[in-house]
Amino acid sequence: MANRPAASALAGARSPSERQEPREPEVAPPGGDHVFCRKVSGVMVLSSDPPGPAAYRISDSSFVQCGSNCSMIIDGDVARGHLRDLEGATSTGAFVAISNVAAGGDGRTAVVALGGTSGPSATTSVGTQTSGEFLHGNPRTPEPQGPQAVPPPPPPPFPWGHECCARRDARGGAEKDVGAAESWSDGPSSDSETEDSDSSDEDTGSGSETLSRSSSIWAAGATDDDDSDSDSRSDDSVQPDVVVRRRWSDGPAPVAFPKPRRPGDSPGNPGLGAGTGPGSATDPRASADSDSAAHAAAPQADVAPVLDSQPTVGTDPGYPVPLELTPENAEAVARFLGDAVDREPALMLEYFCRCAREESKRVPPRTFGSAPRLTEDDFGLLNYALAEMRRLCLDLPPVPPNAYTPYHLREYATRLVNGFKPLVRRSARLYRILGILVHLRIRTREASFEEWMRSKEVDLDFGLTERLREHEAQLMILAQALNPYDCLIHSTPNTLVERGLQSALKYEEFYLKRFGGHYMESVFQMYTRIAGFLACRATRGMRHIALGRQGSWWEMFKFFFHRLYDHQIVPSTPAMLNLGTRNYYTSSCYLVNPQATTNQATLRAITGNVSAILARNGGIGLCMQAFNDASPGTASIMPALKVLDSLVAAHNKQSTRPTGACVYLEPWHSDVRAVLRMKGVLAGEEAQRCDNIFSALWMPDLFFKRLIRHLDGEKNVTWSLFDRDTSMSLADFHGEEFEKLYEHLEAMGFGETIPIQDLAYAIVRSAATTGSPFIMFKDAVNRHYIYDTQGAAIAGSNLCTEIVHPSSKRSSGVCNLGSVNLARCVSRRTFDFGMLRDAVQACVLMVNIMIDSTLQPTPQCARGHDNLRSMGIGMQGLHTACLKMGLDLESAEFRDLNTHIAEVMLLAAMKTSNALCVRGARPFSHFKRSMYRAGRFHWERFSNASPRYEGEWEMLRQSMMKHGLRNSQFIALMPTAASAQISDVSEGFAPLFTNLFSKVTRDGETLRPNTLLLKELERTFGGKRLLDAMDGLEAKQWSVAQALPCLDPAHPLRRFKTAFDYDQELLIDLCADRAPYVDHSQSMTLYVTEKADGTLPASTLVRLLVHAYKRGLKTGMYYCKVRKATNSGVFAGDDNIVCTSCAL
């Protein structure tokens, strides 16, 4: 609509004959009147209408429907005088039409009478906040409104008006709005308005300009139909405001606040003249209460000297002090605002923002050497967070006057996070906002780029430092482009600050380096370190693959940076911590097989090879099969394992990144029963207890063949245990060769024979009680390896059971990891396979750079690493992607998507590895020995494999046979427990463990809700039904299936199942569907639930393990997690050890 005049309250409403036709809405100029309210307490209508600003109180604001501490717009002005409630609509008096335009709400109109008004009525439209927007007022160009009405009687004093009203300049100037930085004045549109303006000028002695205060993020241009004020009783007459985005600090929206009474003869304020108008000192109608309120609003006497002491700094007429952040100025403004900050917690932020803006005009552009300082954008980001929290009706503490310093701003953010953290269990919005506050807290500990690059604790690579200096200007521009506040203002995607509280805390507590005593590298600096190093070490062939040409360092930097910062690709934890530094240890997984046969040799291997790996925080899979010299009544391996247990505990005690070790044995080892009893309550005596290490069984097919015979009803099925003297060759063979040798030893009467069900029960009991042993299938691993291992069979895996490598006394298996975030590939419920291919390609290039540049802790590790160049590209967020697409893991659509994703990942990874060889890189050392040399693929050994990209596979086959592959193995599906937290997605390929993750530590409770579920609940329920639904979920451990059993099977909420709600055989089948395209293995956890009586039948786990064996998996069980029958949580084994190496 065209700009309409501000309707003078003294000018009555136009008659129906004078109404004009509605006009098209248009953006109004900045400015406008505000209404502030506090929950359902009184509402103050503030007018900037000449001849003098005045405030009018609406005593009952229940009809406003505006929530807590909202900022609303008045499209026009209101009549001078007192507004009081009107029970019924009448045709006399002034009206205030208040429109509720919140999302989903219908417009509502409240009619309020203007006391003592004798002229026609006038209306004022008040628009509340729209969903997702925070509104600032916009003024209207004055327009003649008819004859002036007789001034109304003076209003009675309003209790809180003095606290948010305008303040008079400390030197006696005109009264200004709090926080105003610019003046605004509408030219008179009629003689009567001109006279009023002149009269106002005489009263105040400083002109008729009015200034505004605002503390919200968004600006709005209010629109109204020209005839909307003709009938305030009609809902249809109230039109929503048109929202115009602008930065909250770009300038105020004009608002005139009521003049406080100022003592004209006060010795403490010698230059202050007496105010005029209702409630002023010269107004004989002012009451004693009004006088007291006005006096309380006056600045203190010590404000003026502050002004005089800083003559070179610009002074904002809305504040009694210069726009310079000093303790004296901040305290003066705090006294100036008084108790108003209790109603408007962010009131101090506008002063901080104005000061920061003034400072930015004086400082040069940011460089590497620029000292970190809080900027206008930082205060704006905090203000955005506070405004969002106020929309949630939270009672916020006021921003302290010293919060302009990094330390006190950090303390204030911490107070908010700790205070409201428990509420994130029911609010996805609050979960996101608290994450923003943690990122702001990180910002307060940021150092300059120069300090960061020179830090000994960070210890940047020399070559990287030189490259960063060469591109200083570009990096500063990129840093500003990724400013979170700018991204919020311009609706630019910034997934970093959108990921939520857990993501931000994980960055702060774990991934960001500390240096210089109290500094912390920023998230931008961390990803600059990683991407910059990758760009430095990228070869010419890699640049051609990534960019399609020979690009520059800066182009390669951006290629990696954006995919890392956006979490399309995620490095492993050691890579994220060490890439770009001179600590070049980035490998995650180590497979060690010392083949020691004596106690002394085993101890040397543990204290030498194993200890060196632990010192570099590597996760270890240790094969102990060869050490098997038990004598009757003793366990040969347990003393050595006790040494290993103590060694792991010692390394983890002072480490910020704990690691672990897993001991692999075959089930015929003479000490297998002792190992199954070495953890937790199963440990018979302290000398046998090993709570800091894990165990895993390397199961041959023969064991399950016999177990199935027992389950089918066959009697007296046995299993034999052998010691070293009779079993030296068993570990070297697999398949039929192993079975022949094993049965031959039995036939000769060697070994100890036990019922097979006894050992099966011991395995299941240990798994259900301690979470381990892990179970891997020896024959499946060796059967699908890239070359024949008969006679030197692979004897173990890594700590998390997803890496497949041969290892021996001379060579240890080593793998470098990375993962792709599948949830980032979903857009509008569609999976983008093009983005997936791009992410896998980038991940393969990243891991190859890691392989080229990493150091190894031992010669054995270096030998195995260089010979095979093995990588493990994993996935995270599979379940999150499924939910974002509106699918269920049980659906046929997802079963197809699951296989499709796995095939694309392997295809893209192998094509990239082959492209490196095409561009001149040498194939891995054992390529000619591998099945790839003959043109065979991993998936071709699976009868259920049906690739959909047969043409691409055939082209790759020909190129692979001609040029080779740079890497020996590609896809390994690890848990991604740590990195999934900073991505804020589900771990690996597993379903969500729970819809509300809760962990209590000495630092408090950590909560991570399923935000997709919370949003779906809000779409489904409302009001009390929503609260009831969440109460039910709380009572049922956030299991939708148990809390809301009455939902229709097709209801969208039915999709939000936890891992325990799914049939575990289905999860095994999903792993089997992916298996042809996973050339390493999958860390498959089983989730089982106790029966109502608190028991867990052994047959439950046995049945699942047999099913995994029959489906041909390599990993039968990583963890076994048990949901207790009572509401006491989930037992997942001993969590004193957290693998952050292989688990990413």
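The backbone N, Cα and C atoms fix where each Cβ goes, glycine too.
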Ranges 55-75, 475-495, 664-684: which does Swiss-Prot label motif 'RIP homotypic interaction motif (RHIM)'?
55-75
Among Thr573, Thr770, Thr830, Thr1006, indicate the single residue that Swiss-Prot lists for the substrate site containing Ser588, Cys589, Gly619, Asn798, Leu799, Cys800, Thr801, Glu802, Pro975, Thr976, Ala977, Ala978, Ser979.
Thr573
Based on DSSP, name the secondary structure state of Cys589 (substrate binding site): helix, strand or coil.
strand
Which whole number of Å gives the largest C-alpha distance between any two of Thr573, Ser588, Cys589, Gly619, Asn798, Leu799, Cys800, Thr801, Glu802, Pro975, Thr976, Ala977, Ala978, Ser979, the residues noted as binding substrate?
19
Residue among recorded positions Thr573, Asn798, Thr976 with least C-beta crowding, 10 angstrom cut-off:
Thr573
Show me the subset of Thr573, Thr976, Tyr1118, Tyr1119 whose Cα is within 10 Å of Glu802 (active site, proton acceptor); these are the recorded positions I mean.
Tyr1118
Between Asn798 (active site, proton acceptor) and Tyr1119 (site 'Important for electron transfer'), how far is it from one CA atom to the other, in Å?
14
Test of understanding: give the count of other CB atoms lying within 10 angstroms of the CB of Cys800 (active site, cysteine radical intermediate).
32
Specify the nearest of the recorded positions Thr573, Cys589, Cys800, Thr976, Ala978 to Tyr1119 (site 'Important for electron transfer'), where nearness means the distance between Cα atoms.
Cys800
Pick the one among the recorded sites Tyr1118, Tyr1119 whose Cβ has the fewest other Cβ atoms within 10 Å in this structure.
Tyr1119
If one measures from the C-alpha of Cys589 (substrate binding site) to the C-alpha of Cys800 (active site, cysteine radical intermediate), what distance in angstrom results, rounded to a whole number?
9
In three-state terms from DSSP, label Ala978 (substrate binding site) for me.
coil
